[in-house]
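So that you can see what the record holds, here are the features copied from TrEMBL:
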- 34-55: transmembrane segment (TRANSMEM)
- 232-252: transmembrane segment (TRANSMEM)
- 259-277: transmembrane segment (TRANSMEM)
- 315-336: transmembrane segment (TRANSMEM)
- 357-379: transmembrane segment (TRANSMEM)
- 452-477: transmembrane segment (TRANSMEM)
- 498-518: transmembrane segment (TRANSMEM)
- 562-581: transmembrane segment (TRANSMEM)
- 601-623: transmembrane segment (TRANSMEM)
- 635-657: transmembrane segment (TRANSMEM)
Amino acid sequence: MGKDSQHYYGKHGTPQKYDPTFKGPIYNRGCTDVICCVLLFLAIVGYVAVGIIAWTHGDPRKVIYPTDSRGEFCGQKGTKNANKPFLFYFNIVKCASPLVLLEFQCPTPQICVKQCPDRYLTFLKARTSPDFDYYKQFCVPGFQNNKGLAEVLRDGDCPAVITPSKPLAQRCFPAIHANKGVLMVGNETTYEDGNGTRKNITELVEGAKKANMVLEARQLAMQIFEDYTVSWYWIVIGLVIAMVLSLLFIILLRFLAGIMVWVMIVMVILVLGYGIFHCYMEYSRLRGEAGSDISLVDLGFQTDLRVYLHLRQTWMAFMIILSILEVVIILLLIFLRKRILIAIALIKEASRAVGHVMCSMLYPLVTFFLLCLCIAYWASTAVFLSTSNVAVYKIFDDTSCPLLGQTCNPETFPSANESRLCPSGHCQFAFYGGESAYHRALLGLQFFNAFMFFWLSNFVLALGQVTLAGAFASYYWALRKPEDMPAFPLFSAFGRALRYHTGSLAFGSLILAVVQIIRVTLEYLDQRLKAAQNKFARFVMVCLKCCFWCLEKFIKFLNRNAYIMIAIYGTNFCTSARNAFFLLMRNIIRVAVLDKVTDFLFLLGKLLIVGSVGILAFFFFTHRIRVVQDTAPPLNYYWVPILTVIIGSYMIAHGFFSVYGMCVDTLFLCFCEDLERNDGSQERPYFMSPEMRDIFLKGSPQEGKQEEVEEE
């Protein structure tokens, strides 16, 4: 047995030895991983420089507002098109060209107009009628009626035809509707092209549909934005309710941990049971209704998700999913009932620790604030970088032209040699880009922006983990709790983390950021390779994505425990990671059982809060309940505020439960260290509480050894 024990410890490090001077987190420590600290400082300086350059060159209006063929904004104050908010396409059918997907610009002249056309009219008819003054507003600015018909259409001075249109995302699209099964634009079923030939309106409709698909995502985004503008007040109320429930749950957990855990388990089962019952009632109610038996596959994707709620198959799918989840949870509770009792004891101890460091419950607000700063800086820098290009003009031509796609100058194009080589060509705005060194480096700057976002976000999370670990370790290693605890354990741990271990936190977050940016790169390459249809390449890509996903999870687990060792001993990142890993390996059975069981219990708590708030939001935004005199506002998609409330509630609940999760992990590592350092005698007493000792050491060799010591 002795050889086996030496062999085991030889493989997984050396156990900690008794140290009479060790009383918890070491205060006399030095700076660790200074090189990484300097590297982080230089990276932040470079990040600020990139942000300044992006803000100097960028213009976010380029991705929000439409631009005409000269790259000028429509409807913006301070521009010559300030009173022309809508963009008009000369030939909307050409917007169905693949060029739109490549360069995000239709190969047809575009101008800013005050209003979209409200009638059907051809240039040929308008030129000899009183409607020409109306028609002229859809020609290029400064148009003079001093050319022949062929020259006007060839030079793109005026559209060949205008059709009744409606504004969509500040762009004019044909007003398509059906009359007795016939597609019509306005009151017309045919239209006249530039050559005077009458064509079926279906061609124009199909082209308009394809062009409309290009901006469908923008329309959806605008409708979602409208929903947010009218429902943000109720969303905030829902999030406040989630915060109050989370705080109330944590407070009750502090005093009634055992009871609250079992109440939480029962409530989750009841909530899922009610969900199954509600799905069955809706499924039964729709029996016999017209159209309720249509399958989800036949219906396809619909942006209005309310359509799916009128299908029996939808409620059947919900009922099956909830039933499976209910059965899985019940089976886990049955098979893990003994381990759940041990996990509850650990949660009780964590509740006592949190009770002595109550300000730790507010620390997630600090982490949330710092993460918001990181997200805001990254998002604004990304937008400014993507809009820091200059207007690029290219030659567009429907016929064969040797200069097609080449850059040009719209001011000199009519008199330049290009216009003679391409008589029917147009020099118009194509996209925003550039040929300077700065513009060529934009992709690299965006990559650096994403990398720094991952690095700083991971650093903020690491700072929170080290701070909380230091505070809770001070509780565990106090022999007399709470008399031997420092006055302000959370602030002391925060100060030690920033003063001594900024480099170690930067090192750990840097490793994680490298893995995350590799995963992002793989996702980008995967999207680019989808069109290749190479099965081997797809297989390799899937394997790489799976491997790096597992690697990221492992690094997060290792970093979390390494930060606990840093908070206790003040060692550098590599030493702390090695010691934490070997300590966990020496207690692998306890880790595999307790860590996952406590995570499972905390997940049930999050699901209880999210489910309760989500059900309340569902009944409110679907007008099934009213709050006094107020009712839910009319929405385009009621799932927008509901999903927002659900996601926000989960983030809030996760923020509160993350404190408990870090406390449990810290206490567990300290417990493992305590078992190796001490034996429970008067000379080497355990630092764990009597409650933990009764639960964790019951039936173990340490319990027998302690009884022998007490008998002596």
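Cβ coordinates come from backbone N, Cα and C, glycine included.
Whatever TrEMBL says is automated annotation, not expert-curated.
Same-chain neighbours of the transmembrane segment (34-55): 377, 380-381, 384-385, 388, 438, 445, 448-449, 452, 455-456, 459, 502-504, 506-507, 510, 573, counting only residues six or more beyond its ends whose CB sits under 8 Å from a CB of the stretch. Same-chain neighbours of the transmembrane segment (315-336): 265, 268-269, 272-273, 275-276, 279-280, 282-283, 286, 296, 309, 597, 600, 604, counting only residues six or more beyond its ends whose CB sits under 8 Å from a CB of the stretch. Away from its own ends, the transmembrane segment (635-657) comes close to residues 223-224, 226-228, 230-231, 234-235, 238-239, 242-243, 246-247, 249-250, 303-306, 361, 364-365, 367-368, 602, 605-606, 609-610, 613-614, 617-618, 621-622 of its chain (Cβ-Cβ under 8 Å, at least six residues beyond either end).
Long-range Cβ contacts of the transmembrane segment (232-252) within its own chain (Cβ-Cβ under 8 Å, at least 6 residues beyond either end) map to 260, 264, 354, 361, 605, 608-610, 612-613, 616-617, 620-621, 632-633, 641, 644-645, 648-649, 652-653, 655-657, 659-660. Counting same-chain residues at least six beyond the ends of the transmembrane segment (259-277), those with a Cβ under 8 angstroms from any Cβ of the stretch are 249, 252-253, 318-319, 322-323, 325-326, 329-330, 333, 340, 344, 347, 601, 604-605, 607-608, 611-612, 615.
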